[in-house]
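All remarks here apply to the structure that follows.
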């Protein structure tokens with residue numbers, strides 16, 4: 001025991017520290033840089049932090065004084081309810097056409113099954129990325145400028161939005177498929193279309209259905225406001241009342257949007273849940289067959 | 001043998017029934033689509049205003065005459081848009097911490113009241129479009145970058161807190177129990193037991209959301225919060241279509257930059 005202690009005391013005492021030299025230097029420098037960046041951003045955008053502190057009180061005040069009793073009668077009118085139906089139809093049509101265009105694009109834009117990696121792949125990728133990057137509001141404004149007011153530009157904007165949204169998800173789903181069936185089809189001499197229909201499609205069918213439901217849901221959310229720039233539906237009523245400072249009507253319209261979106265989300269969640277259960281059941285059946 | 005035959009007949013019948021249902025669904029979809037096309041595209045559209053294909057191409061052509069003199073004026077709005085997205089995401093993260101805490105079943109302070117409340121906040125935040133959030137905040141705090149940041153933050157809360165709450169629900173409970181057992185208080189449990197387990201998921205989610213938020217902050221100017229949206233709106237108001245295209249190209253390049261940045265940050269973290 002004694003000998004042990006003496007060895008211990010003779011060994012050079014090692015300094016233990018919570019801080020390790022290079023790593024912590026980098027860490028603190030990064031933190032400092034973030035804080036400086038934050039200060040710069042607040043300064044550059046001219047944000048008054050004192051206003052931020054009293055923000056919630058003021059938001060509450062504005063809402064309770066100006067927006068409070070929402071004018072429910074306004075949103076129960078026939079005109080407005082008709083616009084709700086129009087919005088639903090717009091979202092339906094936009095999502096459907098968008099997905100019909102997105103499906104072949106996704107096929108071209110997935111690296112593993114695309115028809116030509118040199119030409120079609122980058123083109124389809126670029127198209128999907130471009131339609132995704134431009135916000136649906138900007139698409140709306142552009143289509144309204146070209147086509148005039150009405151629901152047609154709204155549908156066109158939603159189509160572009162859905163191409164970007166669904167195209168990306170569709171392509172991601174194709175890229176993770178099992179390549180075995182594809183190779184089998186190819187070696188048996190199938191043409192690309194046959195390969196897609198019989199080797200790729202069965203593998204992505206359920207996933208694409210889920211994405212399609214989700215796309216419809218998101219498109220509806222976007223459709224409620226595309227009218228803000230003149231593309232028909234509920235958004236037009238929103239715009240008009242915002243500009244006329246009819247705040248109680250605005251409150252009622254916003255409430256109706258929230259209620260409708262929540263309903264559509266519930267329906268889509270229920271449908272996707274059922275679909276997933278079916279997919280799990282299918283997978284179990286396939287695994288059982290394989291075993 | 002007869003058993004097998006009856007089974008086969010049963011199978012045949014169920015297949016036929018399924019085909020009928022599928023056919024019926026298809027017909028239903030077709031009817032609604034045709035109805036919508038009739039109402040929306042044929043009746044509601046002012047075809048004289050749209051004009052012929054040549055006229056459409058002519059108005060598209062006006063967008064193609066790029067107004068390159070605008071480029072030097074785009075630097076500051078681009079930076080504004082970028083910073084608005086960053087601050088909005090940060091503030092959204094800040095707001096989503098309590099929401100995720102309420103909305104995760106295993107750590108929520110009260111399962112009866114706060115859990116449904118947290119879940120409700122998540123749905124509410126996601127279901128209101130960012131334009132609508134921006135309108136509300138412009139009414140409440142006036143023009144400027146602040147309403148844009150708040151709108152982006154409110155829209156981000158839903159997604160960030162939902163993923164965070166799900167990550168918290170899926171953690172390994174053993175470290176939490178261990179810290180409780182040695183007498184850690186609630187804060188210590190969160191900091192040492194839960195946070196290390198969810199860190200990567202949350203960081204990945206924030207980067208993803210930041211990427212989307214650049215897209216959103218580019219339109220905040222349309223309702224009175226600065227940035228590229230305001231430049232876009234001004235060019236539109238001046239009917240300077242070439243300038244509009246340049247602004248859109250600027251938005252695209254900003255988003256491309258964001259995508260590249262988020263790709264490398266995600267690689268560095270995961």
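In case you wondered, yes, glycine gets a Cβ from its N, Cα and C as well.
The transmembrane segment annotation in TrEMBL covers A:25-47 (among others).
Summarising the annotation, TrEMBL assigns domain 'ABC transmembrane type-1' to A:84-268.
Same-chain residues lying 6 or more positions outside the transmembrane segment (A:90-116) and placing a CB less than 8 Å from one of its CB atoms are 123-125, 127-128, 151, 154-163, 165-168, 170-175, 177, 179, 182, 192, 195-196, 200, 208, 212, 215-216, 219-220, 222-223, 226, 232-233. The annotation transmembrane segment is assigned in TrEMBL to A:90-116 (among others).
Annotation source TrEMBL lists transmembrane segment at A:137-166 (among others).
Taken from TrEMBL, the feature transmembrane segment applies to A:218-238 (among others). Sequence-distant contacts of the transmembrane segment (A:218-238), counting only residues of its own chain at least 6 positions beyond either end whose CB sits under 8 Å from a CB of the stretch, comprise 80, 83-84, 86-88, 90-91, 94-95, 98, 136-137, 140-141, 143-144, 149-151, 153-154, 157-158, 161-162, 165, 250, 253-254, 256-257, 260-261, 264.
Long-range contacts of the transmembrane segment (A:250-271) within the same chain: residues 63, 67-68, 70-72, 74-75, 80, 84, 213-214, 216-217, 220-221, 224-225, 234, 237-238, 241-242, each at least 6 residues beyond the stretch ends and with a Cβ under 8 Å from a Cβ of the stretch. TrEMBL lists A:250-271 (among others) with the feature transmembrane segment.
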